[in-house]
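Engineer: TrEMBL feature annotations, pasted as is:
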- 41-290: domain 'G-protein coupled receptors family 1 profile' (DOMAIN)
- 26-51: transmembrane segment (TRANSMEM)
- 101-120: transmembrane segment (TRANSMEM)
- 140-168: transmembrane segment (TRANSMEM)
- 197-226: transmembrane segment (TRANSMEM)
- 238-261: transmembrane segment (TRANSMEM)
- 273-292: transmembrane segment (TRANSMEM)
Amino acid sequence: MHQGNHTTISEFILLGLSNKAEQQNLLFVLFLGMYLVIVLGNGLIILAVGLDSYLHTPMYLFLANLSFADISSTSTSVPKMLMNIQTKSQSISYESCITQMYFSIVFVVTDNFLLGVMAYDRFVAICHPLTYMTIMHSRLCVLLTVIPWFLSNMVALTHTLLLTLLVFCDSNALPHFFCDLAPLLKLSCTDTMINELVLFTVGLSVISFPFALIFFSYACIVRAVLRISSAEGKWKAFSTCSSHLTVVPLFYGTIMGVYFFPSTTHPEDTDKIGAVLFTVVTPMMNPFIYSLRNKDMKGTLKKLINKKRLLPLIP
């Protein structure tokens, strides 16, 4: 199966979410529906931010990047799973598997860093409203947008290079619906201690820094809001970050349970459920959270929808 220290495995078998034949059609319809909602919902947010000059602000720039990362994160796994169900073929080539793992890490880590950046943006907007545009100038916004993408690629590259050094022996059956790092490490017949250690330390750093930034930002926000005398003023200040506050526990609550600890501590079903939550459910919920709880976004989306309705009537 391998020559020297290099694996000759040409493909992996993705066992998917269920091995029961009668559940495959239900899974196909369910995940196709969720994928379409993710693409449509997040796509509308990107379109709204791009077309409405009123939304050309730092907060919506970061939100558009978050929506793009959500679409991309889901697109690395769900279309392949749907194709496997439809064709009744569970195989994925070794190269495609490594590529899928790389990009899934990139987009999830980018999401993580962007949530930290968005918390900092809300901190500046609420705690320093008079100097907001001076602090959040265009160069800083570009930097805060580029850094998450750069760091996420560095994290993904580190894990990918370490994974390619491992040897895979007899088993190539992956008990997952996409090539995730944790189940891939379990398949290796060589010592994965270094990979597990890097997964833990890098994962801890990747989660801790944005989470600390979020915690610091909202501690300052709460302190600033409590100084506001009127209840209406307090509500207005909190309403500007309520959407972000809703997304943060949803995202961190699922991702920490899957990637915070080494892969050997997790049952297979827990890995799969957690992966579905942060790769499918969270990206699907984000457009609803950010549009339904944000009057500026709701107004822009209504204008876009009404414009599309009127276009066929224009001669």
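First residue shown is number 1, and so on along the chain.
A Cβ is built for glycine as well, from the same backbone N, Cα and C atoms used for every other residue.
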Engineer: Looking at 101-120, 140-168, 197-226, 273-292, which one has the highest count of Cβ pairs under 8 angstroms to the transmembrane segment (26-51)?
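Structural biologist: Result: 273-292.
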Engineer: Do any residues of this chain, six or more beyond the ends of the transmembrane segment (140-168), have a C-beta under 8 angstroms from a C-beta of it, and if so which?
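Structural biologist: For the transmembrane segment (140-168), the list is 1-2, 5-7, 9, 58, 61-62, 65, 98, 101-103, 105-110, 112-114, 117, 120-121, 181, 184-185, 187-190, 192, 194-195, 198-199, 202, 206.
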Engineer: Hey, which bits of the same chain come close to the transmembrane segment (101-120), Cβ under 8 Å, at least six residues off its ends?
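Structural biologist: Residues 59, 62-63, 65-66, 69-70, 72-73, 76-77, 144-145, 147-149, 151-153, 155-157, 159-160, 163, 178-181, 184, 206-207, 209-211, 213-214, 217-218, 241, 244, 247-248, 251, 255, 278-279.
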